[in-house]
Every structure is written in C-alpha cells, then in structure tokens.
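Q: I am attaching a structure below and will ask some questions about it afterwards.
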Amino acid sequence: CGTDSPLMLQNCFRKTDKMEENKATRKLRVCVATCNRADYSKLAPIMFGIKANPDEFELEVVVLGSHLIDDYGNTFRMIEQDDFDIGSKLHTIVRGEDEAAMVESVGLALVKLPDVLHRLRPDVLVVHGDRFDALALATAAALMNIRILHLEGGEVSGTIDDSIRHAISKLAHYHACCTRTAEQHLIAMCEDHTRILLAGCPSYDKLLAAHHRDDYMDIIRNWLGDNVKEHDYIVALQHPVTTDIKNSVKIYELMLDALISFNKRTLVLFPNIDAGSKEMVRVMRKKGVEQHPNFRAVKHVPFEQFIQLVCHAGAMIGNSSCGVREAGAFGTPVINLGSRQTGRETGENVLHVRDADTQNKIYHALDLQFGKRYPCSKIYGDGNAVPRIMKFLQAIDLDEPLQKTFCFPPVKEWDISQDIDHILETQSALAVDLGGTNLRVAIVSMRGKIVKKYTQANPKTYEARIELILKMCTEAVIDAVHLNCRILGVGVSTGGRVNPQEGVILHSTKLIQEWSSIDIRTPISDALHLPVWVDNDGNCAALAEKKFGHGKGVENFVTIITGTGIGGGIIQHNELIHGSTFCAAELGHIMVSLDGPECMCGSRGCIEAYASGMALQKEAKRLHDEELLEVEGMVDLKKAEFVSAIHLINAARLGNRKAEAVLRTAGMALGVGIVNILHMVNPSLVILSGVLAAHYQATVQQVIGQRALTSAQSIQVLTSDLEEPALLGAASMVLDYTTRRIY
C-alpha cells in the first residue's frame, strides 16, 4: 500500500477484502467504444484481454464514427470478423469533411450516446486517443457519471489533437499512458498519479508478437503486386491537419509528386475523415494515383497485414502516428512530414521534414531514408501493456467516490510512479562490457544503480562470443521482469575503434580476437527487440562520468582510463567527440617521446607504452629477472604464478627505489600527455579512471603545474568515484539518448 503505518496497512487490507467481496458478487461491466480503424488497433488487444476473462468482466462494444462509412472501408466488419458482438452501431458522422461537419458530428454523437449508455449502464467506458468522436464519448460518459479509462493521454503532437486529447484526460477518471514523458505530462496537468498506469501501447503487444510471420511476402504481393521485393517499396499515409488545412493539402500534393519522381512501388492509404480529407482525395485523383502503375491506393488494410507491410517496407512517409510510434518497433525508416506529429517522442528511425515546402526536399528525405534499417525502438511499449491494463481494471473500486480529485501542486518526484500493485517499475538499461578477459552484463537503473550483474569468461571465437552475449542478455531481460525493471535498450562498451552510428566494431584491441568489422547492434537488436548503442570503452567511461560522476554538469572535460591499456573520452560542449574516422580520444597513443618504449600500436613513446598496466607489468618482470624487485616485507615472488603491475606498485610502496622510478616515469609520461590534451582542447576538468588512477593523480597534477601554460595550470585532476565506468557508460547511452532528429 506504499506505507509502513499499521493503521494504513489495516485500512488497505480492509479495502482489498472489500474489493474481493465486490468481485465475488458481480463482474466489472466494461464498455469499449471505437470510432475508426486506427483506434481499433489499440483497443482490440484490450477487448481480447477482457473477453479472455469472462469471470471478471462483461464486455460491451459500441461502434461509431468512420467505422460505418463505405468511403472509409466499412471497417466495423473487421470487428465482427474478430468475433466481437457489437452491441450498438451509431451513425454519428455528418458528411462534408470540413470544420463545421466535425462540430456537427460531435453534436450528433452527443444526441445519440445518452440512450446507448443508459441502456448499457457500464461501470467503465474505455476511450482512446484524441479524436473528436472520442471527445463526444468522454463528455457523455462524464455527464452520466460513468467512470472513464483514457488510453494514450498525456502525449503531445502539436495540433488541435492536443487540445482534444488533454480535454479527454481532464474528463477521465483513470489513465493508461504509453511513455514516461506522457505520464509526467498527466501529473503536471494535476491528475492523481495513483490513477495513472504507465502501461505502454496496447498495439505493441500484438505487433511485437506477430510481426515475424512466415507469410509476410504473400501479404506484400497481395497488396503491391507479384514483382515487389522486401524493403523495396514505400507505405504512404498522410492525414489533414485541421488547424492548417490549406498547407496540409499542399504538403500532400508535394509528397505525391516526390513519390512519383522517386519511382518506387508505393501503397497509398486514403486519409482519415478529418476536415480537409476531401481536398486530399481530389489531389490524389488529379495526380492519377489510383491508375498509376507504381501505386496502389486503398481505403483500409487489416491491422495484422498492415504490420507486415510497415515492418518490411523500404520506408514509410506521411504524418500518421503509426510512423512515429509503431514503425519504430521494426526499425523501419520513416519520413514524417509537417506539423501533425510535432512533439511526439520518436525513435532514431524518424526523419522529420517539418517545413515540407518543396518536392525536392521531400525527395531528398526519401533518398536519405529509403532502404535503411534502424534499431528496434520500444519507446511506446514492451509488449506487456494488456496484462497491466487488465490488472488496472480489476483493481478499480466501484465504492470509491466517483468525483475525481486533482493534485495541486503537481507531484515533484518525477520518477515515482506506481503500477497497480503499488510497486515502482524502474526504467533501466542493459549494459554490456566486452573486456579482454571477461564479458560482463548488468541491469542498470536510471540512477546508476547496478541492480544485477553477470560475469563470464570472454570466449576466443566470434561465434562463441556472440552466442554468449545473446544468452547473457536474454537471461538479464528475463530477470529484469522479476526485478520489476523495464529495459529501455542495450548499451555495449568494447575496446578498440567503433562506429557508433552503425553499431559496428571497426578494429578491436589485440586482447579481443576475431572482433573487427563486426556489426554487434543487429544481432542483439533482432534477438531482444530493443534498441542498441555501441561505443568504445574510453568514450563510455566519459559518458559515465557525465551522467553519474565528477563530470555531471561540467560542459568540457576529459576522462582518462588507466588500466590494462590507456584510453579515454573527451566531452566538449556537453557532447562526446568521436572524430571523422571514430578515433578521437585515443589518448593512450599520444606520443610523449620520439624514442621511447615500443607500444602495442606499433609506434614508440606512446603514453600507453609507459603508464598502462601492461607496461608496468613488463617493467616489473624486467626488475624481477634482474633480481631488483623484491624488498623486505614483500611476498616471496618465487611462489607467484606471474609477476604483475601490482607487485611493482607494492615494491614502490615498500621503498624499492627502482620500482619508484618506474612509477614516477609512468606518471610523468601520463602527465606530459595530459598537458598536451590541455593545450589542444582546454577542458575545465581531468578525471582519471581505472585501477591505476590513484597512483598517478599527484604526479600528473605536479607535471601540469610545472609544464602547462599558465592559463591551464589551475585545471583540476580528480580520480573517479565510479566502480564500474564501462558498464555505467554503456547504460548512459541508453538512458540519455536523444531520440528526436530534425531535418
């Protein structure tokens, strides 16, 4: 119940007992009202969930709006084909497809709905989205004292839909939203956070489970012809923007011109019934789209088949919410035109063309996007929305006062959200650290807490390594459910040179064999249906400091890892620097001597050749072979399996002058390299990370004071407080990734 108070716990148990007693006497009568093909795709999974629990619920289905219009496909038939009994069909659309017709349609619905709702007497009315039909439903139910569950409230799309959506949210008693941001918007709108469920989008339950069908090519050929190949066609779906009809019709015309010029097979769906759709259809017919050999114009595609068409398309174009929501789950490239979806959270698969004022601009966007594939995105759901909503409905207490209350001021604790069991579901990342010796996977929370960690020896071959990564990640995802963590994506930290844009490891370190030109993103994304980010371990250490460590709030800083090798990352103006060929911040290979010791990179005099763990181990072995390493108080090295850098450090600590000299030289080499960094990028902070950081800090600070320019001598050198910088950095790529791209 969210409290330790004995009295509160007693009241909670009484309330639970009362709810159980009520459930034993009667079922919850749920009315689901659907207005069009789009909202049915979100409502159908819930309807199936209700129907599958006949001991708990009674389902009533009301159909209205464009479902019942021939020009829009008579889509009520697909509801009947899904074996749902439609209790009421309400013809509520006043034809005209202009602003006045929309208003008259709302009025007509309000005239007809009272009789239906009075006859059905539902306990809860389920309403979806932001359509004018849904506003009529919510208004009628609220005035007739019927509890309302609103789906997909709190989202932002930048048009009149926002006003309608938020109005429905204010009328609704309960909310099932899709994203953390939408939840926060509802809380900011003073909605009671205990009546908000962060569920995810119900349609994701269906599409994540069903989009890998064996017969997808049959579906593609059925709608687009026999000669069409996978990823070689376009799905186009553009709706009018009712607050700017003239411009949205112009964009539609430019889109069709660009598609004709682009010369790819295209499936064009008719626009919805909003004001302006009639003008769009006129444009389509003026362009001869319905007769054009490259085009197939259709009024409706069943959702299960539409999933396949979007999943395997070379691109999707238009302004449908499907492009910015569902298409992200497949990694399908999307071109979003105009302002209808402004403000929507999107995956990196979406390229926005806000000001689509020329055919050439749209054509160029098609050229950039067509045929690409992106990581799967689960911004809007993880496939478990319906079970959450079923639990939410089951827990509704009909004895609670119907009058809703608002929370003033808004809840300040943005990350405190309760599901129906009053358990915090923690948004988390899956972090993978690919080291030379061990492969580590961890579940990392938004606050940087490692919830659970898995470690296994890193296999030597590519096949075995990939197999183990997928096995460990799959195990972690399963455990995350029991740990109540929602995994947002996967971050991978690895040694060597990485192309983070493509998720490809270009060249790895010599410690990790058979690991060059490896696409690590695709197999993980395909196996887990999660977005995947990949970067060099030095860059990950810098990202970890930026989010969780000394670099938090610092605009310009450098992180240097002192471990087996020497690496690091550079943050400039709050952004990680990768360089033109992704080898920026190879700090270990800054040369500090022309004739110094040989480095593993093939050069001489690199920082890594002096200050890395491997370099210190090499010097320790040399001193040991010359019988110059052991001093009084040290463990007998003859009994040791091998001589390591730790033996050198211990010898120096016990007063061995030779060992002290080696460490001093290593620290000075590192210090000189850092001075060069200070003079090149002028950071305000240097963070030393890794097992050797504490041994070098004082020497490095001393070298800066002696050798740096006066303007750089005051720059502070700190040692990292983070225990797992590689894992935390990998997680931060997921937790902090900016998903919106503007073109």
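Backbone N, Cα and C define each Cβ position, glycine as well.
Straight out of TrEMBL:
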type     : residues                       : note
DOMAIN   : 55-393                         : domain 'UDP-N-acetylglucosamine 2-epimerase'
ACT_SITE : Asp537                         : active site
BINDING  : His589, Cys599, Cys601, Cys606 : Zn(2+) binding site
Q: If you count CB neighbours within 10 Å, which one among the binding-site residues Cys599, Cys606 has the smallest count?
A: Cys599
Q: Measuring Cα to Cα, how many angstrom lie between Cys599 (Zn(2+) binding site) and Asp537 (active site)?
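A: Cys599 (Zn(2+) binding site) to Asp537 (active site), Cα-Cα distance: 19 Å.
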Q: I need the neighbours of the Zn(2+) site defined by His589, Cys599, Cys601, Cys606. Which other residues of that chain put their C-beta within 8 angstroms of the C-beta centroid, in sequence order?
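A: The surrounding set, listed in chain order, is Gly588, Met591, Met600, Gly602, Ser603, Ile607, Glu608, Ala609.
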Q: Can you give me the same-chain residues 6 or more apart in sequence from Cys601 (Zn(2+) binding site) with a CB-CB distance under 8 Å?
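A: Result: His589, Glu608.
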Q: Find the average pLDDT over the domain 'UDP-N-acetylglucosamine 2-epimerase' (55-393) in the predicted model and report it.
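A: So the average pLDDT across the domain 'UDP-N-acetylglucosamine 2-epimerase' (55-393) works out to 90.
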Q: Between Cys606 (Zn(2+) binding site) and Asp537 (active site), find the distance joining the two CA atoms and give it rounded to the nearest Å.
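A: On Cα coordinates alone, these residues lie 19 Å apart.
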Q: Restricting to the same chain and to sequence separations of six or more, state which residues have a Cβ under 8 Å from that of the residue listed as 'active site'.
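A: Counting only residues 6 or more apart in sequence, the Cβ neighbours of the residue listed as 'active site' under 8 Å are Asp433, Ser493, Thr494, Gly495, Ile561, Gly567, Ala726, Gly729.
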